[in-house]
Amino acid sequence: MAKRIIYNENARRALERGIDILAEAVAVTLGPKGRNVVLEKKYGAPQIVNDGVTIAKEIELEDHIENTGVALIRQAASKTNDVAGDGTTTATVLAHAIVKEGLRNVAAGANAILLKRGIDKATNFLVDRIREHARSVEDSKAIAQVGAISAGNDDEVRQMIAEALDKVGKEAVISLEEGKSVTTELEVTEGMRFDKGYISPYFATDPERMEAIFDEPFLAVDDKQIALVQDLVPVLEPVARAGRPLVIIAEDIEKEALATLVVNRLRGVLNVAAVKAPGFGDRRKAMLEDIAILTGGQLITEDAGLKLDNTKLDSLGKARRITITKDSTTIVAEGNDVAVKARVEQIRRQMEETESSYDKGKLQERLAKLSGGVAVVKVGAATETEMKDKKLRLEDAINATKAAVEEGIVPGGGTTLAHLTPELEAWANSTLKDEELTGALIVARALPAPLKRIAENAGQNGAVIAERVKEKEFNVDFNAATNEFVDMFSAGIVDPAKVTRSALQNALSYACMVLTTGTVVDKPEPKDAAPAGVGGGGGDFDY
């Protein structure tokens with residue numbers, strides 16, 4: 001079928017219309033007085049959410065070109081979510097503001113490529129300034145406050161995260177489960193997380209989130225490659241009879257064996273997943289032993305005379321829950337306290353004996369994974385709709401706390417970006433010229449957009465509030481919850497620097513794609529075939 005081709009200004013304006021629709025749908029959720037969005041579902045009850053990236057994923061427009069604009073900005077939100085775990089609404093609002101300002105200049109005859117260069121240079125300047133303004137966080141209460149702000153200023157979330165951090169430390173793993181009651185509860189259990197995910201995406205049990213979640217699984221831990229199907233059968237058969245899932249951790253699984261596991265998983269014969277072993281060399285073997293001890297199983301290794309093809313069911317480890325993503329695996333086990341404590345003491349002795357700071361650091365990592373545990377937040381709610389919304393908010397909060405630990409915190413509520421506007425203008429005017437300068441000034445005019453929207457959602461005049469904020473000290477901003485100007489650090493209104501930086505970088509990157517677009521090629525939907533003739537009328541037929 002012939003394709004539709006749209007050029008230059010018409011193409012960019014069509015993309016802009018899609019971006020306008022997406023940005024408005026997402027922006028209503030921004031700030032402490034942001035509204036919820038109701039998502040209609042084809043099957044099941046509607047979903048009520050306050051999460052930018054979730055809303056963005058649901059928006060599909062009838063016009064293909066406009067929908068392409070939606071898809072571009074959706075990528076900015078998704079990328080920010082992947083990198084920082086939060087800041088998706090900020091990224092969307094920023095990208096929208098850049099596109100609006102940029103297209104105005106392109107329509108007036110500015111060179112889009114030179115504008116992009118100016119925007120790129122402005123991005124690098126702003127990223128450096130954000131890092132300079134960031135403060136490191138050590139106190140668990142300060143870290144928890146970051147999570148509360150991310151979850152919409154929810155005090156229950158703040159208390160929950162503070163308690164979790166106190167119990168398992170700021171580097172701890174905090175995971176979410178759906179609870180059985182109406183109250184949200186915190187439970188700290190023995191657990192371990194390592195940075196290896198499933199070998200094949202076909203192992204994912206939740207296609208929407210691309211996660212494999214197994215309750216009460218068996219765990220086979222092997223320090224060798226698994227090449228043959230015959231090696232797997234003696235393990236697969238008894239596990240299938242037991243009716244429980246199986247997770248295999250091995251150095252690698254070759255094609256034939258992997259195909260067998262995938263086929264069994266897809267046919268529903270056995271709920272199974274395979275994960276590559278973490279670490280390298282001797283350290284890999286030690287980490288596999290840690291996993292085996294944590295789950296009450298045995299490491300299948302030829303050094304101990306054990307092979308996969310003669311492994312019994314009682315040699316396998318057992319876990320309460322295992323969650324696997326494409327990048328990581330979290331094991332929650334219980335009931336093996338004595339063996340775990342003995343292993344922890346053994347690692348501590350090794351740390352005392354070693355003189356290498358590198359080895360000591362790696363031993364410390366293993367110690368933290370074994371003894372730190374996993375904090376499990378069991379999300380409770382009166383209805384399923386409320387639970388989904390609460391879970392998304394808690395997920396944002398946990399991601400925000402991790403980001404805060406990594407790169408520190410900056411004043412929240414759009415303050416940082418608004419205050420950087422005069423700094424960027426001064427730098428650009430002294431450093432850049434011509435259309436590169438115009439590109440940087442486009443960014444400067446767009447930076448207050450998140451603050452303006454937060455103020456507007458609180459019933460204030462966004463432009464007036466933004467101008468008043470620029471006149472004040474860097475840490476002072478508009479508190480939309482109380483309609484007052486306060487010191488954001490003192491008031492505990494802070495954002496992770498990583499979230500602010502990622503939102504800025506991704507918004508500017510994807511906005512530049514729209515500005516530099518010259519042509520859009522669209523494949524129209526095929527028209528319905530004409531109905532066949534009636535009686536002997538000799539109507540048209542499609543062959």
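Yeah, the Cβs are placed from backbone N, Cα and C, and that goes for glycine too.
Counting every protein chain shown, the Cβ of Thr88 (ATP binding site) has 30 other Cβ atoms within 10 Å. Reduced to three states, the DSSP call for Thr88 (ATP binding site) is helix. For Thr29, Leu30, Gly31, Pro32, Asp86, Gly87, Thr88, Thr89, Thr90, Gly413, Asn479, Ala480, Ala481, Asp495, the entry in Swiss-Prot reads ATP binding site, with the evidence type sequence analysis.
Per Swiss-Prot, the feature compositional bias 'Gly residues' maps to 533-543.
The feature region 'Disordered' is assigned by Swiss-Prot to 524-543.
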Tell me whether Asn479 (ATP binding site) sits in a helix, a strand or coil according to DSSP.
strand
Return the maximum Cα to Cα distance in Å (whole number) over the record's ATP-binding residues: Thr29, Leu30, Gly31, Pro32, Asp86, Gly87, Thr88, Thr89, Thr90, Gly413, Asn479, Ala480, Ala481, Asp495.
21
When DSSP states are folded down to helix, strand and coil, where does Thr29 (ATP binding site) land?
coil
What is the total of other Cβ atoms whose distance to the Cβ of Ala481 (ATP binding site) is within 10 Å?
16
Set of same-chain residues at least 6 away whose C-beta sits under 8 angstroms from Asp86 (ATP binding site):
Thr80, Ser150, Asp396, Asn399, Ala400, Ala403, Pro496, Val499
